[in-house]
Amino acid sequence: MLQNTGKLAGCTIFITGASRGIGKAIALKAAQDGANVVIAAKTADPHPKLPGTIYTAAAEIEAAGGKALPCIVDVRDEKQINDAVEQAVEKFGGIDILVNNASAINLTGTLQTPMKKADLMLGINLRGTYLTSKLCIPHLLKSKNPHILNLSPPLNLNPIWFKNHTAYTIAKYGMSMCVLGMAEEFRGSIAVNALWPKTAIQTAAMDMLGGSEVGKQCRKVEIMADAAYAIFKQPTSFTGQFVIDEDILKKEGIKDFDVYAVEPGHPLLPDFFLDGQPEDLVKHMEAHGATPAFTTAKADPVAAGPVSEMFNTIRGIISPEMVKTTQGVYKFNLAGEHAGVWYLDLKNDAGSAGNGEPPVKADVVMSMDSEDFVKMFGGKLKPTMAFMSGKLTIKGDMGLAIKLEKMMAMMKSKL
C-alpha cells in the first residue's frame, strides 16, 4: 500500500459523504498525516442497515491522528453546505482540498426510473458536486496547493454506458463535466481532477447492486484512498485528469495489488464506464455467485403500459420502513392486454420492484389480469374482493399477502 509522507499535515480536507465507504477511507488516509477533515454527510443517527455516522467517522479520524469536524450536510441543501464551509473556515482557517464523493445510484432504464429517483441522482451527483465546489472555491483559491477531486468516471461516450441507465449516467457524467469545465476555468489556481476505480470497490452500494457474494470480486476502499492521496501530492499543474486508481498507483511504484483485494487471488469485477461491456459485468457477477440487481437487457414493450407506470410509482414510495415491516418478496403473474411477470421485493436491502422474475425466490405468487392489477394497486379494487371473486389467486405465505393488502391501503394516498 502507499505510504504516508506527511504531505497533508495541517491541510483541511472537505469531504462529502465521508461517514462511510470511500469517503471515510480517504479521510482516514489524510488523518494519518495529521490533516483536518470536514465530514460533510447526512448520517447523524445510526442507520438500521448501513454502518457509521458522521460522529463515529470523526472519532476514527481523531484516533488516526487527524482533527475532525462532523457536519450534517445534504449536498442538495445550499444552506447546509454553506454552514459547513463557514464552520470549516472558522475552525481550521481555510479549505485546501475538496472531495466530491457523495453520490446516488439507481441502475434502471428510462421507463423504469421514477422522476423522484432521477431527481435524487441529478440533485446529489451533478448539482451537489457543482454547488459544493462553487461554495468551496473562494477558500480554495487562498490555499497554497488546492485540489478538487470528484469521484466520477472518464467521459466514455460509448452508448452502451447510457442505454440501460441513462439517468444515472447523465448524473455521474455531470460530475465529470464539472472536472472538464472547472479544470480549465481555474487552470493555474486549482487542480481539478476525477478519480475512478478500475475494479469494483466493496461498499454498501456495491452490496446493493450485486448482493452479499459480490464482495469477493471487489477491492477494498483503501485503494481509492491511496490513489486520492497520490493525487493530492501533485502540484496544481496536474489538472483536468481522469485518473484510474490502479494507473496512478503503478506510477507511485505500487506493484502488489493483491493487498487491496477483499479475497486475494479471486477474479476481480471491472467497474462501469471503462472498456468492458455491461453484459460482461453481469455475466462476471453471476459466474462468481453474485446476484445483480440490475439488467442489461433491452427495454421490453411491456414496460410502456399502465402496469409499468404503476410500478414506477411503487418504486418511488418504497422505503426502508416498508421493507422492515413487510419482509416479503412478491411475484405477480399478469395476464390480459399487458401480460407479463413483475416483482416487488420488500425483504432485501432497500427494497426493489420491476419487470421479470424476482432476484430471489418469491414468498407469495399472485396471478390476475393486468387490468385488475392496476385497479387493485390504484385503490379501485380491494384485494379481498378480488380474491373472493376469483379475480386473484394467491400461492405461498397468506400472512405476507395480508401484509401487502395493508401496505396497499397506506400506498393509496400516495399513488
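The first residue you see is number 1, and the count goes up from there.
Cβ from N, Cα, C; glycine included.
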Binding-site annotation, Swiss-Prot, NADP(+): partner of Gly17, Ala18, Ser19, Arg20, Gly21, Ile22, Gly23, Lys42, Lys172 in Asp74, Asp77:
Asp74
Which three-state DSSP class does Gly23 (NADP(+) binding site) fall into?
helix
Take the C-alpha atoms of Gly17 (NADP(+) binding site) and Tyr168 (active site, proton acceptor) and report the distance between them in angstrom, rounded.
18
Cα separation, Tyr168 (active site, proton acceptor) to Gly23 (NADP(+) binding site) (Å, whole number):
20
Looking only at Cβ atoms, how many others are within 10 Å of the one on Gly23 (NADP(+) binding site)?
29
